[in-house]
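Student: Copying in the features that Swiss-Prot gives for the protein in this structure:
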type    : residues       : note
DOMAIN  : 28-216         : domain 'RNase H type-2'
BINDING : D34, E35, D126 : divalent metal cation binding site
Amino acid sequence: MTATRAPRAARGRVPLDQRGFDFSRPDDIVCGVDEAGRGPLAGPVVAAAVILDPAQPIEGLDDSKALSAKKRDALYDLIVARSRAYCVASASVDEIDTLNILHATMLAMKRAVEGLSLMPTLAQIDGNRCPTLMVRAEAIVSGDALVPSISAASILAKVTRDRMLVELHARHPVYGFDVHAGYGTAKHLAALREHGPCEAHRRSFAPVRAALDLIR
């Protein structure tokens, strides 16, 4: 595993013994990997892995958070249609509560890479940590804004998770999952206090535990 350094403003914590290495090779099959949903109080964490096709470039790829919902949806369709391979995977709320959110995120990323129909030789991961994989892995801080395949993965993960939360909203409309995607907005926290958590809430997260205490 290695970590590539982004420009100074984008740097995060990277272990000293992982800086300055570059394991890429000219003949590598590279997949980009990113996640969506580490911070929310409800719903799964979703990860995606994407191997882009250089013969079918996709214009406009960027960090999913920097794009409008309409632009993300349009790029989602292009990524699915033009990529050499892609896979979207997740870790459940139960897995998040059992493992903790970091390890559940690594699990979702591992599932996404291992679910690709084409085996990569190098996985480039957004952030400063890599899951344990059967292929070489490189962590890239702010990779979702720097590496097109990671940008593509961030879009697939974000769009997929947002759609999951819209479906969850249909079952539990009192929380407003279709608006905040499970994040701890003021309205979401107020609904938690009033109604208590549903089965999709992460009980290992402090605001959810606090809401549980109120109804006991």
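Just so you know, glycine gets a Cβ as well, placed from its N, Cα and C.
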Student: Give the sequence-ordered list of residues that share a chain with D34 (divalent metal cation binding site), lie 6 or more positions from it, and have CB atoms under 8 Å from its CB.
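Tutor: Set apart from D34 (divalent metal cation binding site) by at least 6 residues yet with Cβ under 8 Å, we have A47, A48, S64, I125, D126, G143, D144, I150, S151, A153, S154, A157.
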Student: When you measure from the Cβ of E35 (divalent metal cation binding site), how many other Cβ atoms are you left with inside 10 Å?
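Tutor: Step by step: centre on the Cβ of E35 (divalent metal cation binding site), count other Cβ atoms within 10 Å, giving 27.
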Student: Other residues near the divalent metal cation site, CB within 8 A of the CB centroid of D34, E35, D126?
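Tutor: What remains near the Cβ centre is V33, A36, A47, A48, M109, I125, G127, G143, D144, I150, A153, S154, A157.
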Student: Return one of helix, strand or coil for D126 (divalent metal cation binding site), based on DSSP.
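Tutor: In the DSSP reduction, D126 (divalent metal cation binding site) maps to strand.
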Student: If you average the pLDDT over the domain 'RNase H type-2' (28-216), what number do you get?
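Tutor: Here the mean pLDDT over the domain 'RNase H type-2' (28-216) amounts to 97.
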